[in-house]
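Feature annotation from TrEMBL assigns active site to ASP157, ASP362. The feature domain 'Peptidase A1' is assigned by TrEMBL to 141-481. Residues or ranges marked as transmembrane segment in TrEMBL: 7-27.
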Amino acid sequence: MSKKATFLLPLNLSLAPFLLVLIYHLLSCVAVHGVQEKKILSLHNNIWSPRKSNEAPSSCFSHNLGKGRESSTTLEMKHREICSGKTIDWGKKLRRALTLDNLRVQSLQLKIKAMSSSTTESISEAQTPLTSGMKLQTLNYIVTVDLGGRNMTLIVDTGSDLTWVQCQPCKSCYNQQGPLYDPSLSSSYKTVFCNSSTCQDLVEATGNSGLCGGNNGVDKTTCDYVVNYGDGSYTRGDLGSESIQLGDTKMESFVFGCGRSNKGLFGGASGLMGLGRSSVSLVSQTMKNFNGVFSYCLPSLEDVASGSLSFGDDYKNSTSVSYTPLVQNPQLSSFYVLNLTGASIGGVELESSSFGRGILIDSGTVITRLPPSIYKAVKTEFLKQFSGFPSAPRYSILDTCFNLTSYEDVSIPTIKMIFQGRAELEVDVTGVFYFVKPDASLVCLALASLSYENEVGIIGNYQQKNQRVIYDTKQEKLGIAGENCSF
């Protein structure tokens, strides 16, 4: 039987104090500078290379991913680019997305100011995204639902209340994949009248009351709606009710907008799904079905990747969920507001007087916006830990940029947002850098500063990738858990 030899090395006791100091210093570096809290990002084996979808345009339609308990269902969620079926110039698209994203955020800030004035008149006059920002370049994710027996692809937006689709007869409609919804072909479609309580709910949902009146002395009975947006996009039409099927769950008399005149960059989608908080939103209308609970897991931007949108609390997740309260703010009643209490970079907790304030979480905004003092703290600590790399000029709203063409991969500090109740959102490694140029010659930290300290911060979808985000409107809480969202 073999034996192991053991050797004892003599310790020079005179060096013991020095060794203890050295060990303490090394441990301090790990704790203070977060050496262990970094992740590897591959720079050249990524999604930004030119590509063309291998799927036919019909792949714009997503699928039912199955039914859990009776009170839950799950839909496949896809990135909107699959609807185009065209070669994607990612560089051009990503740069344009930043410009439009900035317009959306400016519009949201104007909307918030208008809502804070507590007057319907000021809300209507703002003509901002109202409860939505419908610039398709910033609303990246779509699902398919059955409306009156017909498949409709809808852009998912938590900042919007009214769900709408393009309808026949249409006075002015953009091109979409598949036929327009035609209420005359449905036996379950019903008109919503202008003197109904549902019509009056439009004030909360769109900032414009349902229009009655008429022309040439003839009274108008339909409930007309108008939603205008900051970039000139709009949808106009009348309210109706129809059966809607979400996965395996069918609901009758769902109120939606039948868009007769629609303009904007909506791609091949049929319309928009409003997941906001007003009484006309899909969440409110399906309260009896799903108890006001929905969740999503946003996939990466690869055109073959799919995530999921679940209604009800029976969703698949292998990690523990941390919850934070939804902030009750009557002036921001249309939005989902969280209390951002802290943040960390590479394990180093940041300090700012602006922590403890409300911040919106939004599926339509791309880049997260932070109050200037918080952004400054984030930027300073990030540059301290991500040092020695060639810098590059700022681009648009992004001012912390690098030229990383010489690197195959880089180790980047983790970014965590901390909310009331110690709930954490750890940004996925793919959500830390924004590739302004696909060759990595211009790669920027995917966070931006608001213009003023008193503006409301926004958590964008770029930082929500590969997270299960759970909205529980009945219990007034929001859950977060890491999850691989690509199916």
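A Cβ is built for glycine as well, from the same backbone N, Cα and C atoms used for every other residue.
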For this session: Would you count the other C-beta atoms found within 10 angstroms of the C-beta of ASP157 (active site) for me?
Result: 25
For this session: Summarise the model's confidence over the domain 'Peptidase A1' (141-481) as a mean pLDDT value.
Result: 89
Exercise. Same-chain residues six or more away whose CB lies under 8 A from the CB of ASP362 (active site)?
Worked result: LEU108, THR158, GLY159, PHE335, TYR336, ILE458, ILE459, GLY460, ASN461
